[in-house]
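*Asks:* Dropping a structure here in structure tokens format, bear with me for questions.
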């Protein structure tokens, strides 16, 4: 009998592969071989550390390359990643394109593309005004960089956050912390650029200035690839893509616009659905639960989970829209703040004058200083009172930053009023080229408050748009976050143009007069502060009624 049991046991063992039951796997994630991801071996901070290096390198490269056109592409890159290639492959392909663009940009700045007879000799190379090849090469390089950014920007951060399981209590805390440290890495890049690369470009040459970011990006890609075996790769359990599912809900609901509520109630009862708070929003989408008369695939009814998924996406847009004023305020730091600094006393000692644009480094510096304070001190304290893994909910965090941003505009208005009074007091109103005897350090508090508000709102928006979209669309979610600031920048330019025309009519000095001593930036800052108050009020209204689509974030 014992021998028979042994033989039977051996036969079973031969047919059944050994499964490490003691290993805890992560739902919806696989490793690089396609096997279930093991919690102790894949993902978390070990894997995320390979990815965070990409943030600093990317930020350093962004400042030294053409990024304006690239801001139009992230949504396209995110759609390609979430629908076809996946985030990992998109990051690798986009990084190669990025590096190729930076490499060609370096060559364009170094190589003489023409003979000396048709060129002007400069300290850093040969410039031509007759042969267009170098110009074409530069623009081609910039387009490559833009294409690389389109896949890189929305995917790297999403892939890094994928390394943490939001359903696990401990990893949920770590995921929220990841967004903090990611943004810190993003701010270290500009600090590096301002302190090192700008000097190299001005004093050594643009070739080396572009070459260094190219080398940094190459090293970052190698580091990223080294972590491939440790990453968690998110997989979808759905047969249809999220784009198809959500689009089909809207299309079916549109076709069923004549359907009455009783028919919807019957269909919900058939599917065994029990009403919830979230289901009461956007009830018009519930019409998609009823099949149309068509016999094809499009005529089939949508299931309740698909309808709720579409509602979750629709709930994002009030938050997106009410965040635009914050983005408009954010865009002022690189424009009017710098112009103010140009008119003020920038001397530091007897021989050195502070470049006004370098004051923007206080934003990055305050982020770098404040993020560890927020992550290691404020969050644990808040967690003891709220019981939430991240201390504050994502919307509470975003709203806090909006409030700080409004305060920064009030302070900016007060400082500008003081600058105008100083100019008037010293008879400098009509002498814009004479330095106003007021230290440029008066501007530092508003820069610092900008940085602190970024830690709350900027990082909060990143986490919110990552977390609240369907799992397969997280790259798209982060591209929506990027679009907030692209839209805000465009609206800021439009607003300035309109105000300039209105206030500068009838021979009057515009608020944005080229002679700032006769302008009124203080009025503009007060206007932005007023818009911020309206923004906060509307945001609070929508945030109060917002239903999170994942329990770990409530």
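Residue numbering: from 1, along the chain as shown.
Heads up, the Cβ atoms here are built off N, Cα and C, so glycines get one too.
In case it's useful when we look at the structure, here is the feature table from TrEMBL:
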- 65-85: transmembrane segment (TRANSMEM)
- 92-111: transmembrane segment (TRANSMEM)
- 181-200: transmembrane segment (TRANSMEM)
- 206-227: transmembrane segment (TRANSMEM)
- 316-337: transmembrane segment (TRANSMEM)
- 357-374: transmembrane segment (TRANSMEM)
- 395-415: transmembrane segment (TRANSMEM)
- 478-502: transmembrane segment (TRANSMEM)
- 522-543: transmembrane segment (TRANSMEM)
*Asks:* Check the transmembrane segment (478-502) against each of 92-111, 316-337, 357-374, 395-415, 522-543 and return whichever range has the most CB pairs under 8 Å.
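*Replies:* Of the candidates 92-111, 316-337, 357-374, 395-415, 522-543, 316-337 scores highest.
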*Asks:* Counting only residues 6+ away from its ends, which parts of the chain sit with a Cβ under 8 Å from the transmembrane segment (357-374)?
*Replies:* 180-181, 183-184, 187-188, 190-191, 194-195, 333-334, 337-338, 341, 440, 443-444, 447-448, 450-452, 454-455
*Asks:* Is the transmembrane segment (522-543) packed against any residues at least 6 beyond its ends, judged by a Cβ distance under 8 Å, and which are they?
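*Replies:* Distant contacts of the transmembrane segment (522-543): 318-319, 322-323, 325-326, 328-329, 332, 336, 395-396, 398-399, 402-403, 405-406, 409-410, 412-414, 416-417, 420, 499, 511-512.
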